[in-house]
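**Q** Below are the features I grabbed from TrEMBL:
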type	residues	note
BINDING	34-41, 151-154, Val180, 188-191	ATP binding site
ACT_SITE	His41	active site, proton donor
BINDING	Gln65	beta-alanine binding site
BINDING	Gln65, Gln157	(R)-pantoate binding site
Amino acid sequence: MMQTMQQVVTIAELRQHLKEARRQGKRVGLVPTMGYLHEGHLSLVNEAKKHCEIVVMSIFVNPLQFGPNEDFDRYPRDMERDLKMAASAGVDFVFSPSVGEMYPQQVKTNVSVSGVSEPLCGRSRPGHFDGVATVVLKLFQIVQPDYAFFGQKDAQQVAVVEQMVRDLSVPVTIIPCPIVREADGVAMSSRNVYLSAEERKQAAVLYRSLQLAEKKVASGADLDSVRDEMIRTIEAEPLADIDYVELLRYPDLTKPEAPEKGDRVLIALAVRFGKTRLIDNVIVTV
Ligand SMILES: Nc1ncnc2c1ncn2[C@@H]1O[C@H](COP(=O)(O)OP(=O)(O)OP(=O)(O)O)[C@@H](O)[C@H]1O
Ligand SMILES: CC(C)(CO)[C@@H](O)C(=O)[O-]
Ligand code: BAL
């Protein structure tokens, strides 16, 4: 019989439910999100259901990972809609704590992963990955999942979480999941709702530039010249304002002199359209 989904807002209550599930020998999967769900999030739930009998989705807009001038206050939120979508995707528990439940006192502990947190979004959003690592470790402590599911759209986030799990021997298996895209190639993202019609149209250049680069890198082209060509392609759209375009070895995120056969290269970008900052990437094996 299909179990009905439950929304849980306290750590204590969630722990109680999961203790019972674990006692029955069920595997627990965690899908961490910030809500305002779309097909990208639901693909993580689908994957989780393949591995686990119990799927927990967290919905929490984590203030620790937003800079002072970022969009924490205006981040899109719609819990009613999210609950309906999560239920029809087959989530068992939505964990949606308040900020006060997660952080009842000023947080004095910071989880900081050096190296992989530093380039790309780490450079543009100082402190962001400390906030991510801290909340993800806290969610792991609360849920104690067997598996946790993360989208490759945030490829650097996957690298940071995997490094943290290895370094701290966290007993969880991380499953990275492929990027889900709209028909024109734009990666699904909660922040796409901020885009005007014209910005949304021009945003299709991001995946076009990634596809172009993917082909060139796979056939051994020089990485700096691929980067230059991507920048020219993106800048042809008048509303696109580049934050970064980088090609780095994955998952250590170091700059390869010349990639060797078999190396994985992350081609990553962050581009602003008006006030909206979009990220996207592809990973190519040379
Ligand atoms: N298009 C997508 N395909 C696959 N996974 C995705 C996609 N978009 C988000 N995810 C994953 O869902 C999880 C939760 O992400 P989050 O709630 O921040 O969504 P988001 O759409 O990326 O939001 P944002 O607009 O903040 O970037 C992350 O692991 C993220 O990588
Ligand atoms: C993993 C995460 C839920 C932590 O707040 C967030 O960074 C996200 O949505 O990718
Ligand atoms: N998925 C990324 C979360 C953030 O932008 O803060």
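Just so you know, glycine gets a Cβ as well, placed from its N, Cα and C.
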**Q** Looking at the binding-site residues Gly40, Gln65, Ser190, which have a C-beta within less than 6 Å of some atom in ligand 1?
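**A** Within range of ligand 1: Gly40, Ser190.
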**Q** Hey, of the binding-site residues listed (Met34, Leu37, Val180), which one tops the CB count within 10 A?
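**A** The largest 10 Å Cβ neighbour count belongs to Leu37.
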**Q** So which binding-site residues are near His41 (active site, proton donor), with CA atoms within 10 Å, out of Gln65, Gln152, Gln157?
**A** none
**Q** Using Cα coordinates, what distance in whole Å links Leu37 (ATP binding site) and Gln157 ((R)-pantoate binding site)?
**A** 18
**Q** Long-range neighbours only, meaning 6 or more apart in sequence with Cβ under 8 Å: which ones does Gln157 ((R)-pantoate binding site) have?
**A** Phe129, Val132, Phe150
**Q** How many whole Å apart are the CA atoms of Val180 (ATP binding site) and the residue listed as 'beta-alanine binding site'?
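**A** Roughly 23 Å, rounded to the nearest whole number.
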**Q** Using a 10 Å cut-off, grab the number of neighbouring Cβ atoms around the Cβ of His41 (active site, proton donor), all chains included.
**A** 27
**Q** With every protein chain in view, how many other Cβ atoms are within 10 Å of the Cβ of the residue listed as 'beta-alanine binding site'?
**A** 21
**Q** Select, from Met34, Leu37, Gln152, Val180, Ser190, each of the binding-site residues with a Cβ positioned under 6 A from at least one atom of ligand 2; if none does, say none.
**A** Met34
**Q** When the Cβ positions of the binding-site residues Leu37, Gln65, Gln152, Val180 are compared with the atoms of ligand 3, which fall under 6 Å?
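**A** The ones that qualify, in sequence order, are Gln65.
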